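Comments concern the structure below.
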Amino acid sequence: MASFSFSTLPTTFSGSPSFSKASSHRFKVSCNAASGDTNHPETTPKLITSLDMTHNVDRRNLLLGLGGLYGAANFTSLPSAFATPIAAPDNIADCVTASSNLQNPTDVVRGLACCPPALSSKPEIYTLPVNPVTRIRPAAQRATPEYIEKYKAAIQEMRKLPDDHPHSFKQQAMIHCAYCNGGYNQEQSGHPELQLQIHNSWLFFPFHRWYLYFYERILGKLINDPTFAIPYWNWDHPTGMMLPAMFEDADPDTTPKQNPIFDPYRDVTHLPPAILDAEYAGANTGADCVNQISSNLASMYRQMITNATDTTSFFGGEFVSGDNPLQADTLIAGSIESGIHTAMHRWVGNPRMANNEDMGNFYSAGYDPVFYVHHANIDRMWKIWKDLGIPGHVEPTSDDWNNASYVFYDENERLVRVFNKDSIDIGRMGYDYERSSVPWLQSRPVAHAKRSKAAAQSVGTVKKVEDVEFPVKLDQVVKVLVKRPATNRTKEDKEKAHEILLLNGIKFDGEKFVKFDVFVNDVDDGIETTAAESEFAGSFAQLPHGGHSEKMLMTSGARFGITELLEDIEAEDDEYVLVNLVPKIGCDDATVSEIKIELVPIVQT
Ligand code: C2O
């Protein structure tokens, strides 16, 4: 039997008695457990190689999570007159029921009528509380029984509220649907003809941060605990790589047994002890536990390090007022949004439900309490990315990002408007994350084949990108040779610019779960190579969006940092690289309009 051992570092906070007990345990993940994949019955015992994942953590790593308390300066101000940031409407009564173009419109359990109650006519500008208590969000897999009880009690209180109460379980779920399935338009900034959308762009991280912020404060208020914090699903750590057990446990004290955080619309083959697949594309791979965990860690390394080298790659592309949220050519989903974010939505959602409700589709995701716990870890990734202190790891600085705003009901049922700029510092927002080590920092993928000369050998059989007619269709594997702007870059060159593979103008059916993988110089054409191998550059994935009445192709882009990748496969002197785009699901009508490699200057911070 193989097991992964991780020593967890002590939490840096002592003010929270319910978490301090869990601080110095060693946690083990047993790889003995059967995965939930029914296609792989355990008839043949597998020989699992033992893999010692214990390691010394990078010192930088120890500094993560030291959020602390920051000054309480209040710099909330109205948007400048010149910027045209995205703004949710003042008049939330103008919210409309999303018109559906769902693939299976008749079988929906969760409706598309997601507008909030209009209790006030105009939101107030929200100011962050001065000197807030710091709520510490615990890792779900380490949460104490007392904490779990408290969390369940809070959700239970939320479920008891009448549906039209802004704090009700249903209203909280519908916020997500309203903001991503066409409930709001851009009337506030002068474009009522255009919808608002908070996915597939740089609004992704800040919108969800604010959404969880109020959700958490509402839950705390419901149980009268101003220190209450939601848990986070620590899927980037081997001990957290399954659905947290608390979501499926029946409460032994109640008859009939009930659990307020249980949701009936989940994939039953992915309940514990099934190990998650960070690159999930709709089918269980059958990989054994050890390999799955390694590949998940390597996938995290790609999403947090190599494909997150700069603001756009990590945060996503610009989206400003006047942009069509389906088709603006600046739209890009950041590495985390397109990666583990989409994968976990789909991995948890029930494939037997027509639209993979709940987690598998945006309009229904908020009905599963797992949604908020998943997004807490997404939010933690933003914090970790920033705290790594790597040059280039900075939030967008433009007014269009800083002053983009959303409208929520706060814990006192006040309608408030909040801005991206006030979401940058979670210390000011009054919460932080319980420490958990980040083993993926040491999970740089390993080359499948070094110096393969895959590109040179393909000359003659594979077209050079300049000879390809764009857009290329992704209904089958796309192979192209892409010229690099420079070869044999020196250490100094690499400190000045990242070499990035850009896929621009990706068009896809917005009503489908879409995923394709990207490989560089892969001798196996992407057939056998996993995320644990260097040739796997990353992937592009999107959840179904909904909210528009005609079938519509959506636009996005993707960016893959290849500086390290080329070092690892020893291809730094190659003039061309061989790029393979391998469709995994939903790509029948997908196309890409441009493939190129650019040197992107590193912003020194
Ligand atoms: Cu707004 Cu995970 O989605």
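Placement of Cβ uses the backbone N, Cα and C atoms for every residue, glycine included.
Unlike curated records, TrEMBL annotations are generated automatically.
Within the listed segments 1-22, 89-110, 243-264, TrEMBL records region 'Disordered' for the stretch 1-22. For CYS177, the cysteine that TrEMBL lists as its disulphide partner among CYS114, CYS115, CYS289 is CYS114. What TrEMBL records for the Cu cation B site is HIS341, HIS345, and among HIS375, HIS393 the residue it adds there is HIS375. The candidate list HIS165, HIS167, HIS208 contains one residue that TrEMBL assigns to the Cu cation A site with HIS176, HIS199, namely HIS208. Beyond the ends of the domain 'Tyrosinase copper-binding' (199-216), by six or more residues, the same chain brings 86, 135, 172, 175-176, 179-180, 228-230, 312, 315-319, 325, 330-334, 337, 362, 372, 375-376, 378-379, 382, 396, 401, 404, 406, 408-411, 418, 420, 423, 426, 429, 431, 542-543, 545, 554, 556 to within a C-beta distance below 8 angstroms of the stretch. Spatially, by CA atoms, the binding-site residues HIS176, HIS199, HIS208, HIS345, HIS375 include one closest to CYS115 (disulfide bond), and that is HIS176.
Within 8 Å of the centroid of the Cβ atoms of HIS176, HIS199, HIS208, where the record puts Cu cation A, the same chain has further Cβ atoms from TYR179, CYS180, ILE198, PHE204, PHE207, TYR211, PHE362, ALA365, HIS375. Confidence for the domain 'Tyrosinase copper-binding' (199-216), expressed as mean pLDDT, is 98. HIS199 (Cu cation A binding site) and CYS95 (disulfide bond) have their C-alpha atoms 18 Å apart, to the nearest angstrom. Remark: HIS208 (Cu cation A binding site) has ILE198, HIS375, ILE378, ASP379 as non-local neighbours, by Cβ distance under 8 Å and separation of at least 6 in sequence.
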